[in-house]
Amino acid sequence: MILMKDITRDGDPVLRKEAAKVSFPLSEEDQKLADDMMEYLKVSQDPELCKKYGLRAGVGLAAPQVGVSKMMAAVLVPAEEGAKSPFTDVIINPVIISHSVQSGALTEGEGCLSVDKEVPGFVPRHDRITLRYQDTKGETHKVRLKNYPAIVCQHEIDHLHGILFYDHINKDNPYEVSDDTIMFE
Ligand SMILES: [Zn+2]
């Protein structure tokens with residue numbers, strides 16, 4: 001089971017590397033990695049287990065964050081009451097094939113399991129994306145995501161290209177975003 005001690009932290013060169021594409025069928029090792037990453041998210045979202053194992057709750061975890069430089073990330077955005085759309089899968093070799101001109105950002109800013117300190121500021125991203133990825137069976141999916149799940153996937157895909165969320169924050173005006181940016185929780 002992945003614990004906080006297994007999470008690579010900012011400063012580790014693996015977080016700044018371009019990850020390698022994953023080939024199919026998945027090796028046993030890659031399948032286990034996919035399972036372990038998704039398990040971490042599930043356990044971390046259970047308040048009792050999260051506390052028991054000393055985890056930080058997460059909705060996404062990318063392979064470089066556990067020291068493996070491969071194009072794989074687990075995403076678990078649970079269904080909530082109301083309008084928020086869920087998205088759960090292990091996304092492999094993901095590519096954003098198109099995106100909205102409209103930007104979106106979280107009112108709370110973003111956090112990351114690999115970044116121990118809070119970095120204040122808005123993180124402007126695409127509000128809507130069309131994402132192509134392979135699942136663990138090698139099947140290709142093309143999904144359209146908007147708002148929160150779109151932001152989570154962009155954050156995770158960034159990890160596969162050596163980018164961290166705070167790279168997107170305007171250094172002079174951390175809370176400045178373009179007028180047409182949709183802000184949401
Ligand atoms: Zn992150």
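In case you wondered, yes, glycine gets a Cβ from its N, Cα and C as well.
Record features (TrEMBL):
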| type | residues | note |
| --- | --- | --- |
| BINDING | CYS112, HIS155, HIS159 | Fe cation binding site |
| ACT_SITE | GLU156 | active site |
Please state whether DSSP places HIS159 (Fe cation binding site) in a helix, a strand or coil. helix
Neighbour count, 10 Å Cβ-Cβ cut-off, for the residue listed as 'active site': what number do you get? 22
If you run the three-state DSSP split on CYS112 (Fe cation binding site), which class comes out? strand
In angstrom units, rounded to an integer, how far apart are the Cα atoms of the residue listed as 'active site' and CYS112 (Fe cation binding site)? 10
Taking the centre of the Cβ atoms of CYS112, HIS155, HIS159 as the Fe cation site, the remaining residues of that chain with Cβ inside 8 Å are GLY60, ALA62, GLN65, GLU110, LEU113, SER114, GLU156, ASP158, LEU164, PHE165
Counting across all protein chains, other CB atoms within 10 angstroms of the CB of CYS112 (Fe cation binding site) number 24
HIS155 (Fe cation binding site), Cβ-centred 10 Å count of other Cβ atoms over all protein chains shown, is 24
